Amino acid sequence: MLWQIFGFLIISVVTSNTVTDAAATNQVDPKQFVADASTRYYKLYNQIAEETYSSTDDEDFNTIFTKLATVKRIAAELVQISEEASEYNLESIRDVQVKAALQNLRRVGELFVLGEEYFSSVLINFAALKELSTDKDIEPYLGGANMKDQDDSPLAYYPDIQKIFQQSNDSDELKYYWESWREKNLVWSSINFYTIIEAFQNAAKILDMSVLEFWFRCYNNKEFLKEMDKVMEDIKPAYKQLHAFIRNELHKKYGGSVVNPRGPIPDHLFQQVREQAWQANSVIEPYFSKASLPPYDTFVAHFEPRSMIDAAENFYKSLGLTELPSEFFDKQLKEQDESAESGDCRADIFDLTPYVYMKYCKKVEFRKFLQTHGYLGRVHYAREKRNLPSYFFPSYDLEYPVGEAVILSASTPKHLQTIGLSKDFQFTEPILMNRLFRMGIHTMLNIPLYFVHTKVMNDLLNGTVEIERINKHYWELMEKYAGVEPPSDRPENAIDFPYSFYLDMEENHQTKKFVSEVLGYQFYRSFCQQSQHRGSLHNCDFYGNVAIGNSLKSMMSLGSSKPWHETLEKVLGKNSTLSGEALLEYYNPMLDWLKAKNRETKVKIGWNASQKKIL
């Protein structure tokens, strides 16, 4: 627990924009004030970077406490900066850059403005919610009868129960785990979650801003949910087609007593479909067999973990981006500890602009090969914005959709053939549709969840819904936007959020995931248009296009020095709002197939109201 707390403390500090010990604002010219802040920020970053990167999970208490005390000191400075920046009257400042800098500096206090209460309570709440997924406290179904060797040891949601959802076709078993995990964690999740909501609201008050302005501070837009809602309207017709097909397949598999052919999909089966998207037991298996998919892991079997990083770096170099310096590979890149090699084993990235440190996973598989392309997008983004003043280092989290766009290109059959990984494999149209369908299930079923999770927080924070009825509100949103219902009647005092809801909540992770997915397709389509790609969008590879690299660099170099939409224009042109159109174009062949199949089977498009009750 202490290591998790310390890790969050460090990450919070290094993403907080600026540190300084400038004199009182009534003695310092505003332009000089922000300049001093930037200078001291660079110096402090070196210290934070070294401590974060060198830390391990087995450090003793005294070591962790010493670092915790250091971060407390830094936090106090950040709060002071927020207070000093707030003393300036922004209306009297005509310099646009200085005004923007001061607006950023007003927010650097983050949740640290809560003082000792933050360290003693709120951080522990964050860590506790994250631990809900990894605590081994769930008794196995039927006493372990379905487990290997009938093992009756308690299970954790991640990775134990998640793996069961990837493999099991037993609806009763999945329903048991869905309910058991939520019932086990009802009290603990409620207490910690309520405390965190209050912390966000209190921090916004202290910083003298609306709570939604604080929550969506990454985008400098308290009305950001409206842009997200537009995307949901864009994709609604296509989503209903996919939903109708999946519900029909689940109805055929489990019968009307489990799945109403005209109603919402039970959540435990909705999760099963998402988890099994790339498995042999997917709902699309009767139409597109996993056995006919390309042997993706075989394509990369000859790689070493480090050489996968080199291959990803070659992609960015082909776009004309500046080659990463030897210092990155020698001093800022290393393998993860053995303790991190369980489960999904994702890399740890410490974005400490102008430096980026990376601990990479040692697993060699195609999924890691693609993820590495995304990780290096963050490294290159940091390098391109390194010459900015520190208060403009935040980049609206655009490094994530950049990585997604590169992953879409790097995963195409065209690219795999270009770099020689699939030279002996023939990609037929059925195989391309198989790949596209599995990607579509993963993407299009997750986007509504990210939206609902964001809206839940939005509505709680701004008082649209009282926290006592949040579970009822959650299921109303799930039914409206995702066509999903609980597998059984639920108590009103429960909190039925999935474990992913709590991941990196302090960073508004669910909004970040939504934007990353949607903008990733928008960036990808824009790059493909720029490269004059002909044919299906889902097989466009922009590898080697220097003009695209120039567009990327022009956006990356801005950081947050320009408004959100003005920054996006460097890649998207004048139509720089969030939109689902690129995603729909990418999956158009799948959507045509779905419409034809749904007409053939005469299934209902859309869903009736759920019959499940929130008691």
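From the backbone N, Cα and C atoms, a Cβ is placed for every residue, glycine too.
Marked as chloride binding site by TrEMBL: Y219. With a 10 A radius on its CB, Y219 (chloride binding site) counts 20 other CB atoms from all the protein chains.
The feature disulfide bond is assigned by TrEMBL to C345-C361 (among others). Cβ neighbour count for C345 (disulfide bond): 17 (other Cβ atoms within 10 Å of its Cβ, all protein chains included).
In sequence order, S409, T412, K414, Y524, F527, C528, S531, H533 constitute the residues six or more apart from C540 (disulfide bond) in its chain with CB-CB distances below 8 Å. Residues or ranges marked as disulfide bond by TrEMBL: C528-C540 (among others).
The signal peptide annotation in TrEMBL covers 1-16.
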Give the distance between the Cα atoms of Y219 (chloride binding site) and C361 (disulfide bond), rounded to the nearest whole Å. 30
Most Cβ neighbours within 10 Å: which of the disulfide-bonded residues C361, C528 is it? C528
